[in-house]
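Copied over from Swiss-Prot:
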REGION    1-20  region 'Disordered'
MOD_RES   ALA2  N-acetylalanine
BINDING   ARG183, THR188, GLY189, PRO339, GLN342, HIS343  ATP binding site
BINDING   GLY243, ASP249  Mg(2+) binding site
Amino acid sequence: MAEGERQPPPDSSEEAPPATQNFIIPKKEIHTVPDMGKWKRSQAYADYIGFILTLNEGVKGKKLTFEYRVSEMWNEVHEEKEQAAKQSVSCDECIPLPRAGHCAPSEAIEKLVALLNTLDRWIDETPPVDQPSRFGNKAYRTWYAKLDEEAENLVATVVPTHLAAAVPEVAVYLKESVGNSTRIDYGTGHEAAFAAFLCCLCKIGVLRVDDQIAIVFKVFNRYLEVMRKLQKTYRMEPAGSQGVWGLDDFQFLPFIWGSSQLIDHPYLEPRHFVDEKAVNENHKDYMFLECILFITEMKTGPFAEHSNQLWNISAVPSWSKVNQGLIRMYKAECLEKFPVIQHFKFGSLLPIHPVTSG
């Protein structure tokens, strides 16, 4: 991938900070369009995009129903990293996830799924209210207030006690990841906050390289399910939607990782994702197709009209090219757009300072 802004991977010594590190409450740093230069040069940008690309490599060619024991993934991940150097998507930007001294399964994965299950249960406990407006049900604010109050307690169930000082910093990204309670909307900036939340857990050593596939297939996929339930239950508005010219009203990352899953698939090609039969038969295995199914459930009319950008992508000859193109598009349309990044928050784990060299 010929990207001009490649950054060197962060020093691995930063990946498992000592308990004495000064954690801080993340805050906004991008206040004007010229500030975007600080973001592009920041350690936060380098670590964030590296994290996204690392997971992109990890899920390549694998189904959501992939049966694995975390302890068996150690050698596989390192074999994939060797292969990645020969592939079109470079790992030069990849962030090295912290290595464990052993290959025992990570309890953090199951704890994160339990956390998301709690958010799901709260939706059931907070039904929509009757109101004149069709969109933006105000019951969402009640649901969000519960998360705002309990976020640190939830994160504390995932983070070990010796890293308890990190909880307030990490919890901010969780609260930012579920939508805006004032506007009752959700978009790719909120999705990015959840990826940042997971990235922070990796940087403090709660999640490890062994967890790479499970981060996407178990945790992020469960997050998607909860977000879709939020969107449907409370009729949330898309944040910053580009309408038919955008990729999707709400998500972007599952299209990237989902297209990576489909690279070198024996028979499913990009042209098949606009085929209703192919989607219905394979959506449980592939995030990309699950996204397409959700779109067709939520929108009416010809696919080419309500999702023109995706319709155009279906003409791309291979999934590897789709994947490369989506990564470039994500950078250009999400990470380099002021309306999205102005809401991103920076702390000690994802700092605004320029990327360190050497």
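Using the three backbone atoms N, Cα and C, a Cβ is placed for every residue, glycine included.
Distribution of Swiss-Prot features across the structure.
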residue : record              : Cβ neighbours (10 Å)
ARG183  : ATP binding site    : 12
THR188  : ATP binding site    : 25
GLY189  : ATP binding site    : 22
ASP249  : Mg(2+) binding site : 23
PRO339  : ATP binding site    : 12
GLN342  : ATP binding site    : 17
HIS343  : ATP binding site    : 18
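ARG183 (ATP binding site) sits 15 Å from ASP249 (Mg(2+) binding site), counting Cα to Cα. In this structure, the C-alpha atom of PRO339 (ATP binding site) lies 15 angstrom from that of ASP249 (Mg(2+) binding site).
Residues ARG183, THR188, GLY189, PRO339, GLN342, HIS343, recorded as binding ATP, reach a greatest CA to CA spacing of 16 Å. Under the three-state DSSP scheme, PRO339 (ATP binding site) falls in the helix class.
Taking the mean position of the Cβ atoms of ARG183, THR188, GLY189, PRO339, GLN342, HIS343 as the ATP site, the remaining residues of that chain whose Cβ falls within 8 Å of it are GLY187, HIS190, ALA239, GLY240, VAL340, ILE341. In this structure, the CA atom of HIS343 (ATP binding site) is 18 Å away from the CA atom of ASP249 (Mg(2+) binding site). If you take the Cα of THR188 (ATP binding site) and the Cα of ASP249 (Mg(2+) binding site), they are about 8 angstrom apart, rounded to a whole number. A straight line from the CA of GLN342 (ATP binding site) to the CA of ASP249 (Mg(2+) binding site) spans 19 Å.
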